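If you look up TrEMBL, you'll see 557-567 marked as compositional bias 'Polar residues'. Among the features that TrEMBL reports, domain 'Major facilitator superfamily (MFS) profile' is placed at 22-517. Taken from TrEMBL, the feature region 'Disordered' covers 519-575. Residues or ranges marked as transmembrane segment by TrEMBL: 22-47, 67-87, 163-187, 207-226, 355-375, 382-402, 414-437, 449-473, 493-512.
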Amino acid sequence: MPGIRVLTALDQARTQYYHFKAIVIAGMGLFTDSYDLFCIAPVMKLIGRVYYEPLDGSGGPGVTPPAVVSATVGVALLGAVAGNLAFGALGDRAGRRRVYGASLLLMVCSSVGSGFSVCRTRGCALASLCLFRFLLGVAIGGDYPLSATIMSEFANRRTRGAFIAAVFSMQGFGILASSAATMAVAAAFDRCTGRRAPLDTPEAADLAWRVILMIGALPAAVTFYWRMAMPETARYTALVEHDVVKATNDIGRVLTELNLGAVTEEEAAAFRRAAPAPPQLGRAASPPPAASYGLFSRRFLRRHGRDLFACASAWFLLDIPYYSSTLFQSQIYHPWFPPAGRVNAFQEAFNVAKFQAIIAVASTIPGYFAAVLLIDRVGRRGLQMAGFLLMAVFLFALAGPYDRYWRGHGADAWYIVLYALTFFSANLGPNTTTFILPAELFPARFRSTCHGISGAAGKLGALVGAIGFLWASQDRDRRKVLAGYEPGIGMKYALIILGGICLLGLAVTYAFTPETMGRSLEENESENDDSRSHATGEGDAGQQELVSSEVPKSPASVVSSHVSTSPIHPHRFSV
């Protein structure tokens, strides 16, 4: 019996225009994600000026209390955890394309809602902002598994890593767009209000931060039509819905240079030949049996539990130091920009956005570009290990002499270089590879769900880094603690712990993470299944059982058997 030749054609297809179009469509969600997540820092500066008094009673400009900032950041990350889990599961149950538009629509509505925030009194405005930021986090979290899964299922095996990395790299441009929009809004309001004195905050500042947040809805809204016009991925249609003819027709509409006419005829003929006899009078045809194991079964744990642990734990460990970057941003920011008491509200927001743009151009975007260039040459596992190792080295280099030197020398060139290299190493390695690997290691019917679980673990790590370490890094001497915080373990020890977490991520990657470079998605899946079967003593019988469980004995299943072009293990994918 023939296998699913359309999937083989996808793996062997040369790069076409639609691949780049899919990168933009899928990447625009991540572009919007980073815009919404990074614009909150200057927005908090404006909110502090509008709604609060100085924390130290000095008579300076108002400052948003750290607890309020932590709550605003935390609800978005908690929403992302929920979104990863909910939309990841829906992507496998209802289809990638159907859920894709829903997550983008929620992103647009919650971005607009964040700007409106219902009212203008402090308590009401902040409560409303937190509500819409939670919903925005749900949309952002939901976009991760869907974007990665869709791109992985459209791509060919040779450049799949680069395509998924290119989708993820749109985050860097989202940061840049966030900074540009914030600077433009702040400069326009500053000019229109007559360039007020530092402590003179006009009423228009309450409008400025709302405009900045609502601009984030524009890129998502622009791409909504193209997302809804995308066909369902051929792998989902063929392997989950078991409709090979529809999968072939759908992919033939967008990848026009594939020779799929003969494929359609051959597989349709096989479909007809494998059709069961009509039911006898008075007896209904029995439905195809359901898959024999589910996500929470022991069989799933044996076959894919190791990979899920590798993906989720690496993402969790990566996001702790990655989101802790705010710990030492202020050490660079303060020496280069005037203090808050010498600039007005719009100028302070402008300077914060300018600083974010500099960091994005100097380290974030170059790291993403390097990942796109190297991911299909070095491999996912190698880049992830190298990234964790380099992050640890640079964090230890910052931690060792911190109390003796770096504390008072934040403007030192070497300090800035080490900080930038920490970001560069993360984006070159684990920040990109943890997004790619879950989209390649799991069966089609679990792929989006497992990516969502991995992403949710990452966002829990982000909570630990962005909030837990922010408070823990405060000085042990109460006299040196920033206003609004409590004494902690100090920056030096916080950086040492973060470096140790990176080494733990390196160990987890070395021990548990497999390599997926150059292999088809079906080959990765079957290789994992086969190795687990041998490890548990199931052998060839276990592999045969997997085929029967993954592809039910229906007419569609006969033409839905996995095909591989691998010369090493051809028997694993034959019918």
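From the backbone N, Cα and C atoms, a Cβ is placed for every residue, glycine too.
TrEMBL entries are annotated by machine, without manual review.
Worth saying up front: this structure is predicted, and the values here are computed from it rather than measured.
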- Message: Using a threshold of three or more Cβ pairs below 8 Å, and leaving out pairs closer than 6 in sequence, do the transmembrane segment (22-47) and the transmembrane segment (207-226) count as in contact?
- Response: yes
- Item | the transmembrane segment (493-512) versus listed stretches 163-187, 355-375, 382-402, 414-437: most Cβ pairs under 8 Å | 382-402
- Message: Looking only at the recorded stretches 67-87, 163-187, 355-375, 382-402, which one has the largest tally of CB-CB distances under 8 Å to the transmembrane segment (449-473)?
- Response: 67-87
- Task: Take the domain 'Major facilitator superfamily (MFS) profile' (22-517) and average the pLDDT across it for me.
- Result: 87
- Query: Is the transmembrane segment (414-437) close to the transmembrane segment (22-47), in the sense of at least 3 CB pairs under 8 angstroms with a sequence gap of 6 or more?
  - Reply: no
